Amino acid sequence: MAREKIQIRKINNATARQVTFSKRRRGLFKKAEELSILCDAEVGLIVFSSTGKLFEFSSSSMKQIIEKQNTQSRNLSKQDQPSNDLQLENSDYERLSKQLEEANRQLRNMRGDDLHDLTIEELQQLEKTLETGLRRVLRRKGEQIMEQINDLRKKGLQLMEENRCLRQQVVEMSKMGKQIVAESENVLHEEGQSSDSITNISNSGNSRENDDSSDTSLRLGLSCAGWK
């Protein structure tokens, strides 16, 4: 004959509930003891009755079993830490994505795009932002122009100084050239005077020879006339 299956639900009768609790508790503890013996397992059971009374069973020291369970729980928490870090990274990614999307929207608005969804207050705020940005741009542009002007002035002064130095070098080289020319002319003049002296001496010798020849010829002529 098959046993009648008992429906699992709360027993309303307090006496029947207490009797069932006692029977089931003893059976549970017996099964726990058999499990620890057969499988060499550490088993610890803690049961509180509906009145708050404590019942416990342990195959060894209940304190050691609880400490072991706490240690195991901490280790599992450490293993779950990467998952928590991943969740944090995902949260940061979502936050950064929203910030990027908002920045892109503001950039489009500053370019004059996607303005149809903006309110009057948002448009006024955008106008103020653009005016402030324009003033900053113009101020920076003026600063860069002044910097370029100052650089050009410095380069101009540098070029003028280099030009002055080149002119001075040209003047000095011109003076040196004139001095060299003058010295060359003096040398040539002195050489010319020496040549004239040599020519005069040669001409004087020739004149004397010519005079001697003339005298000799005259004497010969006179002698011939006497013989006749």
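Glycine residues also receive a Cβ, built from the backbone N, Cα and C atoms like all the rest.
The annotation compositional bias 'Polar residues' is assigned in TrEMBL to 194-207. According to TrEMBL, the feature domain 'MADS-box' maps to 1-61. Taken from TrEMBL, the feature domain 'K-box' applies to 86-176. Among the features that TrEMBL reports, region 'Disordered' is placed at 69-89, 186-228.
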Within the domain 'K-box' (86-176), count helix residues (DSSP H, G, I), strand residues (E, B) and coil residues, in that order. 82 helix, 0 strand, 9 coil
For the domain 'MADS-box' (1-61), the averaged pLDDT of the predicted model is 87
DSSP assigns the residues of the domain 'MADS-box' (1-61) as 26 helix, 10 strand, 25 coil
